[in-house]
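Heads up, the thing below is written out as C-alpha cells.
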Amino acid sequence: MCGLLGLIDYTKTTSEDIFSEMLSCLVKRGPDSEGIDLFYDDSCSVLLGHRRLAIQDLSNHGHQPMKYDNLVTIYNGEVYNFKEIQQQLLEKGYFFESDSDTEVILKAFHCWGIKSVDKFRGMFAFAIYDINKREITIFRDRVGVKPLYYSQTEDSFIFSSELKPFISFPNFDKSIDFEAVSSYLQFGYIHAPKSIFSSAKKLLPGHYLKFDIASKKLSIDCYWDVTDYFEDKTNVTDITAITDELESIIIESFNLRMISDVPVGTFLSGGVDSSLVTAILQKYSDIPINTFTIGFEDKNYDESIYAKAIADHLGTNHTEYICKKEDALEIIKELPKIFDEPFADSSAIPTTLVSKLAKEKVSVILSGDGGDELFCGYSSYTLMEKRFASISKIPFKNSIKKLSDFIPFPLVLLNGINENLYTKFMKFRNLLEHDDIANAFKVSNSVFCKDEIDKIISQEYFFNEDSISHVSTLEKMMISDFKGYLPDDLLVKVDRSTMSVSLEGREPLLDHKIIEFAARMPISLKKNKSILKDILKRYVPEELFLRKKQGFGIPINSWLRNDLKYLLDQYLNEDIIKEYGVFDPKYVTDLLRLFHAGKNDDRKIWTLLMFQMWFSEHLATSK
C-alpha cells in the first residue's frame, strides 16, 4: 500500500521541489521510499510521484514511477492474482525484471489496454501515463478500497490518494462545497463523487478516468457495477451446494490475501466476519497467526472477551489492549490530521488504536469489512423493510406531510420539547416523500434531518440513488450501503486509520468473486448473514459467536459531557462558529444548550465538532 500523486501543469511553474513537498504529505502511506519523475510535454510539464510502503518484492525493482516502452505508472494497492496474469504475459512474450505486481499491471495495460483491469483481483488505484498518446488513464478498484481524488482547472490537472497534497498545492482553490457539507451533516461522511472542496472530486469505485493532455478533455466510464450481479440471480437452489461453493471462493480469496513478504495479522472482534477471516486463515497457516483486539474499561462497549474466546479456540497469537480513556482522548485530537475531509464515524477512534497496536508486530492486517453489506447483516435492513411496508399503506400521506409543516423548529426549541422526538418526527415526515426504499433508508439513518440542515447552513443536498428494478427491498438497501456507506465511510475509516501508522489493510470479504457470487444468491440465504454463520460453524462452535451484534462503539456521549467538554467550548463557541462561517451560530448554541440539558443525542454534537476541528486543522490559517 502506497501513496500516489500526479500533476499536469500547463504553466510549467511547479518545480520538482514544490512537487516533492506536496508528495511528502503522503509519507505515512509510504515511508520506505520516494520516487518522482518529471516529463516535459509540448504544452505542459507532467510530474508523477510515489511514496512506497514495501509489501511485495522489497528490492528496488519495485520502485515507482515504473516505466515500460511508452508507458509510465504510479500505483497504490495490491493485485493478488498477479502471478497468474504474469504467466499469461510470459506466454505472450513479455519479460519481467521484478517480482512485483506493479510491473504486471504496467505490462498488462500495455498488452490489453483498458480491458486489463477486468483481470485484476484486488484493491487498487493507479495511473498510466501514455507518453506517445499524451494521455493519462486512472483506475479505481471495484469497491473503493483505495482512494483517488482529482481536480481540474484551466491551468492544471491533479490527482492523488488523498486531499492533503491538493491543500498544499499553491494554485488549489480551497472553497468549500456546501452540498458536500450538507451530505456530511446528513450522513457523517461525504458521498462520492463529492469532496469537501468544490474544485476536487473522488473517482467513483469501479470507474476509470481518461485525461487527454492536448485537449484538456476528461471522461469517466464505469467498468464494473455490483447492481448487475444483484439483478442476475442464480438458478441453483441446493443450499448445501451454494454454501460449499461460497466457502470455496472465500478460502481462495482469503489465501490470496496472505501473499506478502512481510508479517501479516488480523483484526479480531469476536463477531462473525472477523472470526471467519481469522478461522480460515489460521486453518491454512502453518504457524499461529497474529490477531489483535481493542477492549474498553467500560464493559458496555467491551467485546474483548469474545475475541479472546475465538483466539483461544483457534490457537492464534493474540494481542489484546484495554483502551484507557486517556488513549482515546489523545487519538481524538489526531483525527483531523488523519482524515483529510470532515469525518464523523466515532469508531475511527478504536480502529486507529487497534491499528497502532497491530503495527508493533505486523505490516499487513486483514479485517472483516463488507460482510454486513453483502450478507444482509444489519438489523436496520429488516427493520426498515417492515417500516417502509407499513408507511406505504398509510392513507393521505401528503396531507400528513403538509400538516407537519405547521410545526416550526424554533417553536419546538422554545417550548423545550425533546429535540430527539422532533428529529424522529421530521425523519418520519421525510420518509413519506420517498417511494424508493434506498433513499428512505438513508433518511432513517441520517444524523441531521433535511429540515435541520436547511436551518444550520444555507444550502441543501440529498444523495439521489437511481431506482433499482428487479431487486428485493432488502437488496436495494444493501446496494445503497455498498455504493455509499461502505466506500465513503467504512473503507475510508480503515484506509486512513491503518495508513496513519503505515499499516496495510486488506479486506478479504470484498474480493469481487465473493461479491458477485453473494449478489446472485437468493436473499433468503443472506438474511442476518445466515450463510456466513453456517460456514463459520464449520470452524468455530456457534456458542462462541452467536450473540447480539454490538458494533465498534465507544462512550462518546459521556466523554462529550465530561472529559471532552473543553473541545466543545473551544470549537463550538459562538465566536469560532462565526469566524469559520459555515454554520449558524445561534442554531449551534441552541443544540449545545439542549445537549447539556440531556435533550438530544451526541451524534449531532460530535458531527459538528469533527467538522470544526477539521476546519481548524486544514483551513483556518489560510482564511
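Any Cβ shown, glycine's included, is placed from N, Cα and C.
Annotation comment: TrEMBL describes Cys2 as active site, for GATase activity. The domain 'Glutamine amidotransferase type-2' annotation in TrEMBL covers 2-214. Annotated L-glutamine binding site per TrEMBL: Asp101, in sequence order. The ATP binding site annotation in TrEMBL covers Ile294, Ser367, Gly368. Residues or ranges marked as site 'Important for beta-aspartyl-AMP intermediate formation' by TrEMBL: Asp369.
Shown here: features listed in TrEMBL, placed on the structure.
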{"residue": "Cys2", "record": "active site, for GATase activity", "Cβ contacts under 8 Å, 6 or more apart": "Arg29, Gly30, His50, Arg51, Arg52, Leu53, Gln64, Tyr75, Asn76, Gly77, Ser161"}
{"residue": "Ile294", "record": "ATP binding site", "Cβ contacts under 8 Å, 6 or more apart": "Ser304, Glu320, Tyr321, Ile322, Cys323, Pro350, Leu353, Val354, Leu357"}
{"residue": "Ser367", "record": "ATP binding site", "Cβ contacts under 8 Å, 6 or more apart": "Thr266, Phe267, Ser274, Val277, Val494, Gly505, Arg506, Glu507"}
{"residue": "Gly368", "record": "ATP binding site", "Cβ contacts under 8 Å, 6 or more apart": "Phe267, Ser269, Gly271, Val272, Asp273, Ser274, Ser275, Leu276, Val277, Glu507, Leu509"}
{"residue": "Asp369", "record": "site 'Important for beta-aspartyl-AMP intermediate formation'", "Cβ contacts under 8 Å, 6 or more apart": "Asp273, Leu486, Leu490, Leu491, Val494, Glu507, Leu509, Leu510"}
Cβ atoms near the residue listed as 'L-glutamine binding site' (within 10 Å, other residues, all chains): 27
Within the predicted model, mean pLDDT of the domain 'Glutamine amidotransferase type-2' (2-214): 94
Extent of the ATP binding site in Å [max Cα distance among Ile294, Ser367, Gly368]: 15
Three-class DSSP secondary structure - Asp101 (L-glutamine binding site): helix
Where Ile294 (ATP binding site) falls in three-state DSSP terms: strand
